[in-house]
Structures are given as structure tokens and as C-alpha cells.
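Asks: Under the heading signal peptide, Swiss-Prot lists 1-31. Residues annotated as Fe cation binding site in Swiss-Prot: His43, Tyr44, Tyr169, Tyr225, Tyr226.
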Amino acid sequence: MTTKISRRTFFVGGTALTALVVANLPRRASAQSRTINLYSSRHYNTDDALYDAFGEVNLIEASAEELIERIQSEGANSPGDILFTVDAGMLWRAEQAGLFQPVRSGKLNERIPENLRHPDGLWYGFTQRARVLYYSRDRVNPADLSTYEALADPQWRGKILVRPSSNVYNLSLTASRIAIHGEPETRRWLQGLVGNFARQPEGNDTAQIRAIAAGIGDVAIANSYYYIRLQKSTDPADQEVVEKVSLFFPNTGSGERGTHVNVSGAGVLKNAPNRDAAIAFLEYLASDDAQRYFAEGNNEYPVIPGVPIDPVLAAHGQLKGDPLNVSNLGRYQPDSARLMNEVGWQ
């Protein structure tokens, strides 16, 4: 069973309500219990059934920033067992705050590819999301698309759509370029990319896809699952967008590294009162059943090779992901923010 405490319940009302909520969570479950206290920034209701199949999950939901701050303020008395969040950059922030403890699990190390987990076992990726390109079917020949780097070419002047630089997905994409190419080359790429923006960055990933359909720009950078949601929607407006926009996997040509991938990941918190159950929960998330559920529930890519992908997503082709260890997405995040600010990506 999942007991859910939403962001609104958890944070509205200030310290008194927060203290009351935390006090109501069990500090330690019985030795035989499969009970954990899960702090999660994954805002997908489809996850609830997955948690129910594990055991008793007391779920506290908020943004990653709020949860990290909360865990820090709770200190040694925190009831939290696991932090589950989107983006390796956010996992890095929690890591830098000293919130995780290393996990030694042969099952996790065997199941989860090395590039999708922390080198020291502080956290593990459990879903993948690709940051892909979207393009206008009417105005763009897909043969003209190739790589993220090529989006800085003059032919795309006034045609590129993307979220603001503060978005962690863009910070992580830029961090991957720094890890691969170094800072000077990444700066040049960013300068060209910003010069090609169709408008000042605004909105979320779905807004970029919709802006292509509206004729505001021709090419957008956004995560893979947002378009799949539109494809599955019964809203005629969403179907109109799908008819006008297609998906493209960049950096997958001969000799290319592969498309940038990021993860949703989780780690056991330093003061976890239910450590054994927390590790069991992580191992459960790496099971074939849980991986299939992630794929079907939120249109994400499983991290376990061989687990079936959602058929609508699979219809776009096989993902060739960049093998870069995703821990680099956090390591270079401060440099990403600085460079993006310096070149005027607002």
C-alpha cells in the first residue's frame, strides 16, 4: 500500500505542518517489514501501483530542490529511506549535499549498466529518457538533421526552440557536451545555438513541440516521452500537433557516440532507518516487472537491456544512447550554468 503525502500537503503551512507530517512517518519499521519512506520528485501517478506491489511505501512528493532541502533540515532524525528523482544532475546535487550512503548490491551492479549508475553505488538509474530533436514535417527535411552540434550551423538561424537555461535537462545536455568536447568547444557550440533561437526560451518541453506546430520555430530539443504522450492523447489539438511534428534521434550516424540520455534515479539516504528494506526496494525497481511498468506507465526507456519498450515509442526506432557515465551530468553542471549564462542563454 502507498501512503501519499503530496507537495501541497507537505509544504504548505510551514514548519509546524511539516513537523507534524514527518512525525507521523514511522522512523523504523519492524525487521520483517517491507516498509520504506520514499521521498520522490517523480510526479507520475502511474508509479503508485508499482510501489503498491512492493509493500508499504510512505510517499512524500515534492520538487527535487524542496526534498533535498527538507532532508538536510531533518538531519540525523530524517525518516527518509530513499530519494528518487529525475535527472542525474539532481542526483549529483543530493550527492554533493552528502545525503546518500553507498549501496553494495551485486544484483544492482549486475542488472544496471555501468554508465547508468554512480561509480561508488551512491545512486542508480532506473529509467532512461532521451533528449531528442523534433522537427516540422512541412519545413524541415530530416536528411538535414544530424547532431546537437550541427544545430549551431547558420542554416538554423531563427529556427531553434528550447527551454530556458535554468532547466536541469538542458544543463545536463550541456554538461555532456563539456564532458565529451571540453569547455572551449562547448562554448562555441552554445554561442551558435543561442544565435539560432527562434525566440527567447520559454515554457516546458511540450511547449517547444507545440511551438513547431504553430510555426514559431522549425526544430526543438525536448525529451522523448513528451511527444509519446501527445501521440497517445485523444485530444484533437494534440493529434494536430503530432501530424505536423516528427521525432529525430541526433548523434546516431556512423561514428557518432549516440543520443544524449538521462535517468530517473534513486539512492539510499545516509540516515535511512530502514536500510535493508530500502536496498530491497532499489533491487525491486531493477526487476523486469518494474522495468516493464516504467516503460508502459510513463513511456520511458528501461535501463535493463532486453525489457520491452512501449510500442508507440519503439515505433520511432531503436535508441542508440551515448555511453557517457551519467554521473558526469552533475559533475559538469556548474560549468554548464556558467557557460550558458555567459553566452546569453536565458
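Yeah, the Cβs are placed from backbone N, Cα and C, and that goes for glycine too.
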Asks: When you measure from the Cβ of Tyr225 (Fe cation binding site), which residues in the chain that are at least 6 apart have a Cβ under 8 Å away?
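Replies: Arg129, Asn298, Asn299, Glu300, Leu313 - these are the non-local Cβ neighbours of Tyr225 (Fe cation binding site), listed in sequence order.
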Asks: My understanding is the cutoff is Cβ-Cβ under 8 Å with a sequence separation of 6 or more in the same chain; which residues meet that for Tyr226 (Fe cation binding site)?
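Replies: Tyr226 (Fe cation binding site) has long-range Cβ partners Asn204, Asp205, Thr206, Ile209.
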Asks: If you count the other Cβ atoms within 10 Å of each Cβ, which of the binding-site residues Tyr44, Tyr169 comes out on top?
Replies: Tyr169
Asks: Within the chain of His43 (Fe cation binding site), which residues six or more apart in sequence place their C-beta under 8 angstroms from its C-beta?
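Replies: Counting only residues 6 or more apart in sequence, the Cβ neighbours of His43 (Fe cation binding site) under 8 Å are Glu61.
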Asks: Report the residues of the chain - excluding His43, Tyr44, Tyr169, Tyr225, Tyr226 - with C-beta within 8 Å of the mean position of the site's C-beta atoms, for the recorded Fe cation site, in sequence order.
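Replies: What remains near the Cβ centre is Val86, Arg129, Asp205, Asn223, Asn298.
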Asks: Helix, strand or coil at Tyr44 (Fe cation binding site), per DSSP?
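Replies: Assignment for Tyr44 (Fe cation binding site) reads coil.
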